[in-house]
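Contents: one structure, followed by commentary.
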Ligand SMILES: [Zn+2]
């Protein structure tokens, strides 16, 4: 996994100051580091002291390589490297090809969903003896299983599975990647909301603040964002062809929403909600809307209302909503939540 951990450099004086707060009591949300803070501290996202990079001849599709001090240089990141995008989403070349490639198409999940909403998992030895970590993993999984139809099972013979391990920073792949896929949970990530966030990516979620309609609900305060292209790109917005929120309304309290001060250079807000009195993000766990959208994504009802995760639906309900269209767009099954919802027979989900 050496390709996944990129550009490690020393912590800057600025970050040393802003991150000097001890983790402290685990129930005190005021001292919890955010995912962004942890990943900045781990040196995964860039050096805030680099400033604007010099003009380069070429535009790099997936960003620029970095020198030893963590500052970008005019050399493109190779296409075959796994890189973090949006702070904590690890992307493979195949995932980026889907996301940024011509004619790409995505939904909340642009990668494959877990068949039947069942996620096999293992906890790596680097975390297995860490009580706080295993508690947070259990609690993070429970956030989703108690309110949605997705479930987690200890891996046995499954080929595709999630492995929680103690890597650098908090990050996850998006949806099913194929084979073993890591979820990195560094020491600062051992909180229910943080683990639920990374599991949300593994289940197929992007960030809430990347939604196509986000500018109707929040304003990005660019003057307060750390200088440098790489930090500004953390606030990329994707259009409807990449993110489909399945008809749900914008959710300020989503566990997938970054906090107000994410990537702030001066402690001032970088994301300002249009609505007064709302909290951005959720450090406690998933929101009602997070659960609702996950149930839509996996085509099932919440626990208690029905036991119909996609793979266990009865044959009588295994019908495409529009046979002709489903057949026509069959190739989009792995990438499109709409296809997986409306064309379940064609997509082989029931
Ligand atoms: Zn994230």
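Just so it is clear, glycine is given a Cβ too, placed from its N, Cα and C backbone atoms.
As given in TrEMBL:
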type: ACT_SITE; residues: 198; note: active site
type: BINDING; residues: 197, 201, 207; note: Zn(2+) binding site
type: DOMAIN; residues: 50-76; note: domain 'Antistasin-like'
type: DOMAIN; residues: 105-301; note: domain 'Peptidase M12A'
type: DOMAIN; residues: 318-350; note: domain 'ShKT'
type: SIGNAL; residues: 1-20; note: signal peptide
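This view paints the features noted in TrEMBL onto the structure.
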residue : record              : Cβ neighbours (10 Å)
197     : Zn(2+) binding site : 31
198     : active site         : 25
201     : Zn(2+) binding site : 24
207     : Zn(2+) binding site : 27
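Look at residue 207 (Zn(2+) binding site): DSSP puts it in coil. Over the domain 'Antistasin-like' (50-76), the average per-residue pLDDT in this prediction is 76.
Counting residues per DSSP class in helix, strand and coil order gives 0 helix, 8 strand, 19 coil for the domain 'Antistasin-like' (50-76).
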